[in-house]
Amino acid sequence: MRNIGIIINKEKDKENKILNLVILKVKEYLNPDEIKVIDQFYKGDYKDLMSLDLLIVLGGDGTLLGVARKFSTVIDTPILGINIGNLGFLVTAEISELDEALYRIKVGDYKVEERMLLSCTIEGVTCSEERALNDIVVARGTLSRMAQYEVFINDELYATFKGDGVIISTPVGSTAYSFSAGGPLIMPDLQIVSIVPICPHTPNSRPMIIDGNNKVRVKPLINESDVFVTIDGQKALKLEKHNEVLIKKAKEFFRIISFDNKSYFKVLRKKLFKIE
């Protein structure tokens with residue numbers, strides 16, 4: 001691999017000790033022509049990143065989500081996620097496993113897996129099309145009253161319910177907010193979407209699984225409630241009356257490096273169920 005990029009969460013490495021260690025290890029194992037250290041809030045020319053053969057992300061799940069949201073529309077470089085955070089459910093390896101991970105990449109003992117992304121636009125608002133690796137949440141504000149929501153699938157009304165909100169989740173996001181709200185766990189390589197009501201006041205409101213090629217439209221009936229759309233828990237936009245949230249599968253994928261010794265169920269047992 002000739003050109004390698006590194007993105008690090010500076011809040012977790014304020015003195016650059018981890019960054020400097022990773023740079024040394026990358027040179028030792030992969031001997032690249034260039035190592036480009038990229039700010040996680042990068043605002044430069046994305047063309048500078050298109051030549052990367054590998055992007056190493058140092059942080060936790062939040063850092064990876066931010067990278068997916070920010071960079072997925074402009075580059076399709078494979079990502080090696082190294083956990084220097086807390087949970088690290090989405091990452092490829094822990095920082096203690098860095099040597100092994102880089103060696104495996106050196107000898108070609110890895111695979112690149114594609115993870116589904118969601119695309120989100122707000123009807124009636126001029127804004128960019130957003131991407132989400134985990135979920136799109138349409139929900140009331142903290143101090144707002146319960147709101148009513150209409151959910152359409154391919155322009156056909158699926159459900160109307162009162163509650164705190166609704167989560168539209170990818171398989172990757174099924175272990176996040178959706179899981180806490182009673183949604184199902186979904187194998188990450190599937191191309192499906194879950195629709196999960198949040199604290200519904202309607203007894204028959206239950207999570208729904210649909211094919212990823214379906215389009216979802218959420219119409220909050222806003223009266224006295226403040227309703228927001230939140231992308232991966234990192235970006236929030238307030239909705240006004242008559243705004244509708246349109247959600248569909250993005251044409252891009254999040255490409256992440258994985259190793260055969262890290263099965264999905266092993267990670268579930270260790271990090272979600274706390275079973276060694």
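The backbone N, Cα and C atoms fix where each Cβ goes, and this holds for glycine too.
Features of the protein shown, as given by Swiss-Prot:
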| type | residues | note |
| --- | --- | --- |
| BINDING | 61-62, 134-135, R145, K162, D164, V172, 175-180, Q234 | NAD(+) binding site |
| ACT_SITE | D61 | active site, proton acceptor |
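In the structure as shown, the Cβ atom of R145 (NAD(+) binding site) sits within 10 Å of 11 other Cβ atoms. Least crowded of the binding-site residues (D61, D164), judged by neighbouring Cβ atoms within 10 Å of its own Cβ: D164. Under DSSP, Y177 (NAD(+) binding site) is assigned to a helix (H, G or I) in the three-state scheme. Cβ crowding, taken as the number of other Cβ atoms within 10 Å, peaks at N134 among the binding-site residues N134, Q234.
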